[in-house]
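As given in TrEMBL:
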DOMAIN    54-129  domain 'Cytochrome b5 heme-binding'
TRANSMEM  160-179  transmembrane segment
TRANSMEM  185-202  transmembrane segment
TRANSMEM  223-242  transmembrane segment
TRANSMEM  302-322  transmembrane segment
TRANSMEM  334-354  transmembrane segment
Amino acid sequence: MPQCVLWHKNKKGRDIKILIQDYNFFLVVLQILNLKGHSQISFFVASFVMEASRKYISSKELKNHNQPGDLWISIEGKVYDVSDWVKEHPGGDFPLLNLAGQDVTDAFVAFHPATAWKYLDKFFNGFYLKDYSASEVSKDYRRLVSEFTKMGLFEKKGHVCLFTMCLVAMLFATSIYGILCCQSVLAHLISGGLLGCLWIQSGWIGHDSGHYQVMRTRGLNRFAQVLTGNCLAGISIAWWKWTHNAHHIACNSLEYDPDLQHMPFFVVSSKFFSSLTSHFYDRKMTFDSFTRFLVSNQHWTFYPVMCFARINLFAQSFILLLSNKTVPHRVEEILGVISFWIWYPLLVSCLPNWGERILFVIASFTVTGIQHVQFCLNHFSSEIYVAPPKGNDWFEKQTNGSLNISCPSWMDWFHGGLQFQIEHHLFPKLPRSQLRKVSPFVKDLCIKHGLTYNCASFFKANALTISTLRAAAFQARDLTKPVPKNLVWEAVNTHG
């Protein structure tokens, strides 16, 4: 019910508070008090009329609009119909499809620049959220975003991208020189390792350019993405953005976060044993006897699999680009990936024999495996949940589901910004060079609201990850919860 508060001084000079919930009664009061010509009262009248004309819906009613073709969201209590926008949304359809039917203010603030607010009105459907409210954590989080924006931190990118691009070019040139101009096996092996380092550094550029503009213009930013991702690394930047945005939205949700869905090779929780459904890949993750065999030994196979995890990224890129899903710049993406599969095999063929060629490929893939391990360290040992993502516990979910890696500033190049995973998840559009600067603010906010701020050294994070995998592996070996067995399972586990 719209209401207006009117303050009036009586003859003795005392302030009298009048609460008015009816517009006609409001006019009568004004006539009695003979205040029609007062400018402040005119403002009250305009505000009251505007409030009285608003249409309201409840959060329960808003939840009903969460299906394709009928997608409503609320931002600061104002309701928007994004049913048609879902096809054009730069962040893909996953965020809108999975956050529809609720208030998404924090997620909107996290993923959109300040300039995006002016485009919202074209989606406004005339409704307001009647029971809209924001927690104290959300209020403080939004205040932090506002302060960082005023400080210009989202615009101060530094020269990280320039230095990284120069390093990539140097690594590429050195690797080619080692293959074409050196004859020793060791030189060829080192060249493979340097190429692996190149893929790691190009991965950081692809990661950054997918979150914010690392170059002066959008065109150059797009060029940097395709060059470092598709052409140099063989991984579709469209695939990466599709999965990575979903990961950020549903951080550590077993059903919705694709970065935790690695069956049959790995599971981080026994909750996977009930064959959960992946709402990202739209398929059931069946925990069968073969999966149980692999999972039971995952703490031993983790690092070997990470050495060749890049093969999965190659495959996933092709699956998306050749699918019937909507892929922005599909032809450009395909041409970029094809260029990788031209120059990389050609480079390998320049080696003198098949033995050295295999060693070169193993070296390049193994070194790049360091980056795949880094991706896992930030989330595998953190808190998980089984539920769809929500819009009203953004700060809590991102902090609880992420782990920072402590390191000196001179090692930041090695981690590519992932060492401040909590800050990155809270402020994904914040340039990598600013993450260390905002870390104390995030720590203080976590302390204020009694939230965990998880941080560990690189070696401790590895130990935590292996510990998580080992715990799930031993639970999978528990034969009191049998699944259909095969001969391999019986042979390996007969003696425990």
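Backbone N, Cα and C atoms are what each Cβ position is placed from, and that goes for glycine too.
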Chain residues in Cβ proximity to the transmembrane segment (302-322) (below 8 Å; excluding those fewer than six residues from its ends, i.e. six or more beyond): 199, 234-236, 238-239, 242-243, 265-266, 330, 333-334, 337, 362, 365-366, 368-369, 372-373, 376, 465-466, 469
Per-state residue totals over the domain 'Cytochrome b5 heme-binding' (54-129) - DSSP helix, strand, coil: 30 helix, 22 strand, 24 coil
Positions on the same chain near the transmembrane segment (185-202), where near means CB under 8 A and six or more residues out: 164, 167-168, 171-172, 174-179, 228-229, 232-233, 310, 351, 356, 359-371, 416
Cβ-Cβ under 8 Å with the transmembrane segment (160-179): same-chain residues at least 6 beyond its ends: 187-188, 190-192, 194-195, 197-198, 201-202, 204-205, 208-209, 214-215, 224, 228, 232, 347, 350-351, 360, 413, 431-433
